[in-house]
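Student: Annotation comment: TrEMBL describes A:368-397, A:407-436 as domain '4Fe-4S ferredoxin-type'. Sequence annotations record features per position, and here TrEMBL assigns [4Fe-4S] cluster 1 binding site to A:377, A:380, A:383, A:426. What TrEMBL lists as [4Fe-4S] cluster 2 binding site is A:387, A:416, A:419, A:422. What TrEMBL lists as compositional bias 'Basic and acidic residues' is A:464-489. The feature region 'Disordered' is assigned by TrEMBL to A:464-509.
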Ligand code: SF4
Ligand code: SF4
Ligand code: SF4
Ligand code: SF4
């Protein structure tokens, strides 16, 4: 065992550069147990709630569905299914606003709940170790599980990569201010999370899992400490409080001292990470056959009367969720999906809760000041000090404003995890992350355009070639036809038949004679006319 | 004497190198002009002809021979900048004599009005239109480059150029919109 591995085993905690300590404000929401939410009347289910292509629709308007019934099929390109959150009828399938910062519409299935909440029959498993890896992965995929921590990458897809693994890391850090969904889940369902972790270990063919929790969650830590004695494959790691220690690359650095290569994946260095919520969902899917139809959502901020964590069915409109929690909107109220650092403001409250929604934040204008006007950069360097990815945010900002995309790539823009630490400390109130997001989108777009231009060129050239070929073929055909005609003629003449050439000559001669006769007749007439 | 020897030696050397170079020029001949390829790779491959040449490659050849770099409206300023970089000249604004930079568009055939004349198929430089004589025609949207060439030949004017719809995956973080939009309270 190498020195580094020994240190990992011994529970050494490394550190990562930069980071900030924003007010945590978790106590607003983490005091009460996770409460169930009363059923809504309508649910809006976007067909795409994960990163990947949407699955194909399996239902039609008017169909009756039960809770847990699959609505879209597992498809190509990481297609994941979505399931009905409750029983009812499909009222509409069409464009609706989705949980995306753009506020744009995508295909949404609307279910009108009948209030009976009938579930489809589940198929529990007694011993998952009897199933093959592929069968277990299918079970996870069919349950529609995507990373519940944020990005929404299909979990089965991540596990399907067969590469040697040193550790599975279960991320319970939850470093973003305000959010306490994972905290409460760990306090109340530590055993299920452990079960899920063991299933993940089994599927990944990995020996050891590290469960990481931030030091500000003593109850969650205690819950795991009480259980881990019976699970030698699992080890607990308490990481110091710093934002963004829950970032994938940052947490890996904290627990193993390893650095994920630029544009690389954790699996490149023998690691794979899953969120605690995902581990919970995996346990539910594999052991009980439960598809992903609900998740824990933190509702918090000073403008709700009953902040806390709720079991929310996917597809629940945010407006309904807030109404249940005693929403007291102030004028120009902002509603943020996600936390204050990485979340985005909703354009409309009809947006539903989806697989990646961990928090709905309704701050008062005192607690979270609205965006200020941007001022000029004073080159203080504060942003570079806090950047966990060791980038130069100020430099990136200049380059992004100048649209110098090559420069941005050279400065490793794509290593930016959009944590917002730089914007948080910037005294000039520059919305730095927005510039990076826009620049990233533009760079991706340019790449897409370029690929499209390449295809267009190929198609154009193929067409030119085809036209040229067709022209040659036409000419060839004409030439052949002419030759064949000539040959036939020659043969006819040789056999003593009329030479068609002679016939033509004869016809011309006849025509000439007729013309001459006509001319003569006309002259004759003229003469007669003169005479008369 | 030494002078003569030197002359002979250098003469022979020159001959040998000449032969080697000559052989290399024939043996390792580059099929087409690489600079034309590089320029062509920057042009948008719309093949629309707005630059005054019958397609992107002819324009690339013209640029290589010293034509202006600001004649391609579909490419717009970003293409001009990239060309300026490559050619080592000053970037300039688009020459408006050739058209204006526009949002990206895609052709859509109003299918119930299509008479199946196949004229648009013949006009499309990238074979993005599907159809057959006296049958309804349709545009393969993701192959269409938005070059506009099929619109004019259509005898019943049933082809529209519509802007490419913005979807969440090609949405460009709009800075005006993002700084935290305000949700009107609904109750
Ligand atoms: S948002 Fe990006 S640039 Fe800013 S601190 Fe985080 S990683 Fe660094
Ligand atoms: S923190 Fe803001 S003002 Fe300071 S250098 Fe960075 S971008 Fe400029
Ligand atoms: S104007 Fe641009 S896109 Fe159109 S043919 Fe010329 S180079 Fe190609
Ligand atoms: S369909 Fe029309 S606009 Fe689109 S590439 Fe073909 S000719 Fe151009």
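Just so it is clear, glycine is given a Cβ too, placed from its N, Cα and C backbone atoms.
Heads up, TrEMBL stuff is auto-annotated, nobody curated it.
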Student: Can you list the residues of the same chain, besides A:377, A:380, A:383, A:426, whose Cβ falls within 8 Å of the [4Fe-4S] cluster 1 site's Cβ centroid?
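Tutor: Leaving out the recorded residues gives A:378, A:379, A:381, A:382, A:393, A:394, A:422, A:425, A:427, A:428, A:430, A:432.
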Student: Determine, to the nearest whole angstrom, how far the Cα atom of residue A:416 ([4Fe-4S] cluster 2 binding site) is from the Cα atom of residue A:383 ([4Fe-4S] cluster 1 binding site).
Tutor: 13
Student: Taking the Cβ of residue A:426 ([4Fe-4S] cluster 1 binding site) as centre, how many other Cβ atoms lie within 10 Å?
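Tutor: So the Cβ neighbour count for residue A:426 ([4Fe-4S] cluster 1 binding site) comes to 22.
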Student: Distance check, please: Cα of residue A:426 ([4Fe-4S] cluster 1 binding site) against Cα of residue A:387 ([4Fe-4S] cluster 2 binding site), rounded to an integer number of angstrom.
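Tutor: Distance (Cα to Cα, whole Å): 11 Å.
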Student: Between 0 and 100, where does the mean pLDDT of the domain '4Fe-4S ferredoxin-type' (A:368-397) sit?
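Tutor: Its mean pLDDT is 91.
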Student: Which residues, same chain and not among A:387, A:416, A:419, A:422, have a CB within 8 angstroms of the centroid of the CB atoms at the recorded [4Fe-4S] cluster 2 site?
Tutor: A:18, A:383, A:386, A:388, A:389, A:391, A:393, A:417, A:418, A:420, A:421, A:432, A:433, A:436
Student: Among the binding-site residues A:377, A:387, A:416, A:419, A:422, A:426, which have a Cβ atom lying under 6 Å from any atom of ligand 1?
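Tutor: Result: A:387, A:416, A:419, A:422.
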Student: Check the Cα-Cα distances from residue A:380 ([4Fe-4S] cluster 1 binding site) to the binding-site residues A:387, A:419, A:422 and tell me which is shortest.
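Tutor: The smallest Cα gap between residue A:380 ([4Fe-4S] cluster 1 binding site) and any of the binding-site residues is with A:422.
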Student: Do any of the binding-site residues A:377, A:383, A:387, A:416, A:419 touch ligand 2, in the sense that the CB is under 6 Å from one of its atoms?
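Tutor: The ones that qualify, in sequence order, are A:377, A:383.
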Student: To the nearest Å, how far is the Cα of residue A:383 ([4Fe-4S] cluster 1 binding site) from the Cα of residue A:422 ([4Fe-4S] cluster 2 binding site)?
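Tutor: For residue A:383 ([4Fe-4S] cluster 1 binding site) versus residue A:422 ([4Fe-4S] cluster 2 binding site), the Cα atoms are 4 Å apart.
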Student: For the binding-site residues listed here, A:380, A:383, which shows the highest count of neighbouring CB atoms within 10 A?
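Tutor: Its Cβ has the most other Cβ atoms within 10 Å: A:383.
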